[in-house]
Amino acid sequence: MTNSLIFSNFLAELLVTKARSQLKNMATSKAIWDNDKAEETIDGEAALLQDRNGVKSQLQLMPMVDLDASAENRYAKTSSIECGYCRWQPKCLRRCNNPPCLLFFLSMCALILGFVVNGVNNVNTTAIERRFNLPSAKVGLISSAYDISAAILGIIISYFGARKYKARMVGISIIVASLGSFLMALPHFTIGPYQLGTYSTVSACLAHETNSSGLANSVSRNLCQKEMDGHLSNYLYLILGQLLHGVGGTTLYTVGVALLDDSIFTRLVCNAAGILYSSAVIGPGLGYVVGGQFLSLYVDFNLVSTRMEMDDPRWVGAWWLGFLIAACLNLLVAIPVCGFGAELPSAQKIRQNRISEAHSERKKVNILDSDTKACLTASRQSHSFHHFIRVTWSLLRNPCFFFMSLSMVTEGIALSGVATFMPKMIENKFQASASWAAILSGIAVVPGAATGQFLGGYIAKKKNLGIPGLIKLSILGMALTLVFSAVVWNDCEPEEYVGIASPYFNSSSNVTELVSECNRGCGCTTEAFIPVCDENKALYFSPCHAGCSVQTSEYTYSNCSCLGPMAGTNATVSTRGCRQQCAALYPFIAQLFLLICFNMICVAPGDAVQLRCVPEEDKTYAQGLKLLIVRSLGTVAGPVIIGRLLDNTCIVWRKDCKGSSLSCWLYNIFGMTFSLYVTIVVTKVFSIFFCLMALALYRPPVLAHEPITDKVVVVNNVNKKKEG
C-alpha cells in the first residue's frame, strides 16, 4: 500500500510538471486558451487519480495556484488582438478587427505608396530633369533610391517583423513614408523661381547687335549661374525622400503581406494578394493621371505668371504638388493601421488549419497536432545571430524560393526601368506634351495592371492551384508579354531638325552640325530649346540656329540667314504650327494596355509561390530576403540601366557654363525604341528560364499533392477514433 501511495504521488507530480510545461509552451506560441476548459481538464485528471488510488492529488491545487496568472495572461492576450491605441480599445472598433478591413487599409497603403513612388515620381521625370539640370541616369538614381532603402532595411525589418504588432510596424513605416513625400516637395520651396527661357534675347541671333559676343556671354553666364545654384542640395532632398519611401514600402510588402497571410485561409491568399497588388498598381495609374494634370500647371504658378505654353520644350509643370498630397494621404491612412492589434482574432484558427507546402528534401512529412506545431514555431523564433544565418542559408538552399527570386530580379529590371521612363518615351516617340503623355500612360497602366493582377489571383483561386500550377501560370504571363512586346516599335515619324538630321541649305559640307556658316556669329547655344519652322515646315532648333536676328512678334522671327533660298530680310520662322499630329499614339495606348495586363498576370501567383514554398515560421523573413535580392539586383539597377541607355541615344544635350552635359533635349527615336525592346526581350527570356528551374527542382511534401483545403488535421482526434 505504501509503494502504491508513493507511486501515486510520483505520478501526480509528473503530471503537474507536464501540465505546467504545456501551459507555458502554449503561452509562448501566442495561443489564446479558454481557462475554464483547462480547469475542467485538470480537475478531471485529478479526480481520476483520487478514485483509483484513494489519495487526493496535488494536481487539484493547480487551477487555484495559477488562476491570477492565467487571468493576467488572458487579459494581455485579449488586449493584443483588440483594435485600439494603448489602453483605449473601444468596442465600436471591434467591427473593423477582421481580415476584410485589414485588407482594405493595407490596400490603401499600397495605393498611396504606388501613387507617389511609381506614379507621381515617374510622371515628373522630364520636369525634374529640366528643373534641376539632370541627365536621365541621375533621375533614374532617384527612383532607385527607393529600392536601395528597401534592399538595406528589408531583410532587417522582415526578420524582426515576425514579432508582435506587425500592423503597428506597418503604420509607423507609412508615417515615415509621409515624411519622405514632404522632403521630395521641399526643393520647390528652397530654390528660387524657374529661370530657363525668361531671357528672350538669348533666343535670337545677336550677330547684328553691338558687342554681340559680350552680350551673349553675359546673358549666358547670368542664366547659368542662377540655374546651377543649389541644385546639388535639392537633388539630395529627392534622394532622401525616396529612401524614406523605401522604409514604408519595405515594411508593407514584407510584414504587411505576412500579416495578411496569417489572417486569411490558404485558398483565399492568392485572391487577397491580387487585390493588394491591384491596389499597388492602381496607385501608379492614378499618379500618372493626377500628376499629369499637375504638370499642366506652371511650376511657379503660386509665385509668378507666364505666357509660356505647355508644348514648349522648356515648360516645367507643378511637379511638387503630387508629393504634398501624398504626404497628407499617408498620414491619414497610417492612423487606422496603427490601431490593429498583434494579430487578428482569426489568426489562431488559420494556423491550426493550415497544411504546409514548404519545399522538402525529405520523403515524408510528419503530421503534427496544432499544439505541437505552435510550440515548434515559438521555439524556432529565436532572434540570435546564429539562427539568422541558419535561416538565411536554409532559404537560399530552397531551389523554388531561390529561382523564383531570380525571376523577379529580371522582371524588376525591366518593370522598374520602363515604368520610370514610360511617360518620357511616349513624349518623345509621339511628340506629346509631358502632361498628355503622363495622362495617357495612366489610362493604359491603371486598367491594364489592375486587370492583370486581379486575373492572376482569380485564376489561381478558381483553379485552386498548388505551387506547380502557380509557377506555370507565371510562365504563361511572361510568355505572352514576350510575344506582345513588339508593340513598342509603334511610333510616329521622328521630327527632323535642320543641322541635326540634315545639313543647312547653304552649308559647304554635308556634315550635320547645329552651328554652321550661316549662324556661326550668332552666339547660339543649346541652353534653350525653342523649335521653330519655316513656311515649308522645316524645323530648326531655335530662332538663333535659324539665323534670325529680329523678333517681330511673340511667336515670329525674321531676317533669318539659314533658310536657304528664302534667306534674307523677308525670311521668317514661327514657334507655332510646327509639330504634326500623330495618329499612331492612341492605337499604341490600347496595345500598351494589353502588354501591361499580360506582364502583371504573374505577380500574384509568383508572390504566393514564395509564401508557400518556405516553412511557416520563416515566412516573414523570406519576404524580406526576397525583396533584398530583387531590389539590390533588379529594381535598383533597372532605372539606372534604362536611364543610361537613353542618355546614350541623346543627340542634343543642354550644356552648362563649363560645357558639361546636363539634361537631354533630343533623342534618337530608333535607338530609344531598340534599347527598350532589347531590355524587355532579354529579361523575359531569363525570367522564363528561372521559373522553369524552380518548377523542375521543387519537391513538395508528401501531402502537398492533395488539393489544398482548410481542414483541421489534429492527431489527437485520429487517435481517439482508433481507440474507439
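One-based numbering along the chain as shown.
Every residue, even glycine, has its Cβ placed from backbone N, Cα and C.
Because TrEMBL annotations are produced automatically, they should be read as predictions rather than curated entries.
If you look up TrEMBL, you'll see 101-120 (among others) marked as transmembrane segment.
What TrEMBL lists as domain 'Major facilitator superfamily (MFS) profile' is 102-699.
Per TrEMBL, transmembrane segment is recorded for 140-162 (among others).
Annotated transmembrane segment per TrEMBL: 169-191 (among others), in sequence order.
Counting residues 6+ beyond its ends, the transmembrane segment (235-260) has Cβ neighbours under 8 Å at 99, 102-103, 106, 109-110, 113, 116-117, 121, 128, 132, 134, 138, 141-143, 145-150, 153-154, 157-158, 161-162, 166-167, 169-170, 172-174, 176-184, 186-187, 190, 269, 272-273, 276, 323, 330, 343, 607, 611, 619-620, 623-624, 627 in the same chain. The transmembrane segment feature in TrEMBL is assigned to 235-260 (among others).
TrEMBL lists 272-299 (among others) with the feature transmembrane segment.
According to TrEMBL, the transmembrane segment annotation covers 319-342 (among others).
Positions annotated as transmembrane segment by TrEMBL: 400-422 (among others). Residues 118, 121-122, 125, 136, 139-140, 143-144, 147, 284, 359, 441, 445, 467, 471, 474, 478, 599, 602, 606, 609-610, 613-614, 622, 625-626, 629-631, 633-635, 637-639, 641-643, 646, 676, 679-680, 683-684, 686-688, 690-691, 693-694, 697-698 of the same chain lie 6 or more positions beyond the ends of the transmembrane segment (400-422) yet place their CB under 8 Å from a CB of it.
Look at TrEMBL and you will find 434-458 (among others) tagged as transmembrane segment.
Among the features that TrEMBL reports, transmembrane segment is placed at 470-489 (among others).
The domain 'Kazal-like' annotation in TrEMBL covers 512-564. The average per-residue pLDDT of the prediction over the domain 'Kazal-like' (512-564) is 79, rounded to a whole number.
Marked as transmembrane segment by TrEMBL: 584-604 (among others).
Annotation comment: TrEMBL describes 625-645 (among others) as transmembrane segment.
TrEMBL lists 665-698 (among others) with the feature transmembrane segment. Counting only same-chain residues 6+ beyond the ends of the transmembrane segment (665-698), those with a CB under 8 A from a CB of the stretch are 313, 359, 399-400, 402-404, 406-407, 410-411, 413-414, 417-418, 425, 428-429, 467-468, 471-472, 474-475, 478-479, 481-482, 485-486, 488-489, 491, 494, 497, 500, 526, 529, 541, 609, 613, 641-642, 645-646, 648-654.
Within the same chain, the transmembrane segment (584-604) stays apart from the transmembrane segment (625-645): fewer than three Cβ pairs sit under 8 Å, each pair at least 6 residues apart.
When Cβ-Cβ distances below 8 Å are used as the criterion, the transmembrane segment (101-120) is approached by residues 95, 146, 167, 170, 174, 177, 181, 184, 242, 245, 248-249, 252-253, 256, 259-260, 263-264, 272, 275-288, 290-291, 322-323, 326, 329-330, 333-334, 336-337, 340, 344, 419, 442 of the same chain, each at least six residues removed from its ends.
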